[in-house]
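To start, the structure itself, in structure tokens.
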Amino acid sequence: MRLEEAIREYELRREEGLKKAEKLRKKYNKWLGKKKKELLKAVGKLEKAKPPKNVDERLLQIVEADRRNYVSAMRHAVEGIQTIDDLGKRLPDLAKVHVDYGKHVMILFEKEVYAVNSLLKELSEGYTEFRAELEGTIPPEIDVVEKLEELRKAQREFQAKRDALSRLAHELEEERKKLESLLSSEEFTRVEKEAREVSSKIRSIELELRSKVSKLQKPLKRMRLGGIADEVARDSGVALERPKEFLSLLVNVYPRLEGKARKSAEWLLENLEGKLSELSELRRELEGLEAQREELLGSVKPVQDELLAIERELSLLADDVKKLERKLLRIEAELREELRKLEDYLGEKVEVSF
């Protein structure tokens, strides 16, 4: 049977069942009205009944107190029952009243309490019969249509998220290609290479100068000249930062130097100014190259920012897709359960695709 036919058949049976249920309620409400009168009458008889003679005074007091409570509570509970459905809700209250007070009242008014208890039993049995007939009349609640709509809505949402995920993944790939193209461009590659070469030359010259100065540090320390001599003895970089003072110092101490220190002093006196001039020129060149590099990277930055934004959005979308996958599995399981209930009720296999 196709789903549409199954739903129509279910709705027809349900409508018929609801009509039968309404008739059933009317029938049992009428029965309930009669039983209520009988029960209230039995409670009234209990209220008016005379206790036996020659009863212990203390026992009589206890029983009379419980009888008053029993009668009052029973009437209150019974008067609150208007329909057969109310009866189902109030049966526990009636039973509680009977248990709480009836056990003492029965000691002196056994006949009257038994009559009330008998009617309570009839009410309970009658309600049980009503429920059994009602359950055989009304079809079970089956939400196939609602669940199918919920599933299809979730499927549409899932597909939309998957499409968005696919588009974003494509955008991410395009942005990565764009970034790779920018970073591997001929101009950027040239600037990067030249900057590395100039940086290497600067480091090489600085290392050479510091190496020459370092050979003078021990002799200068031993001379205890103070001032720039002591500073150079502690840090060779001072000679590069204050070359005029350093060269003046070398001229003064040169006659006192020997061996490697004397050779280093000769080399520095001849080459320091030229090397520092070369360093200055190389640093200006490096600054220019770094400025070019930053300018080129200025076009890269927006692409990198866009890449990060897309990656964040992709992560959020991926989380949404996972949640929707779990939701789809849950709804599919619920729909299969509703279909099983529908098939059990109709006694036929229902054809549906989802």
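Cβ coordinates come from backbone N, Cα and C, glycine included.
Note: TrEMBL annotation is automatic and uncurated.
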Among 52-97, 98-143, 144-189, find the range that TrEMBL records as coiled coil.
144-189
Over the coiled coil (144-189), what is the model's mean pLDDT?
82
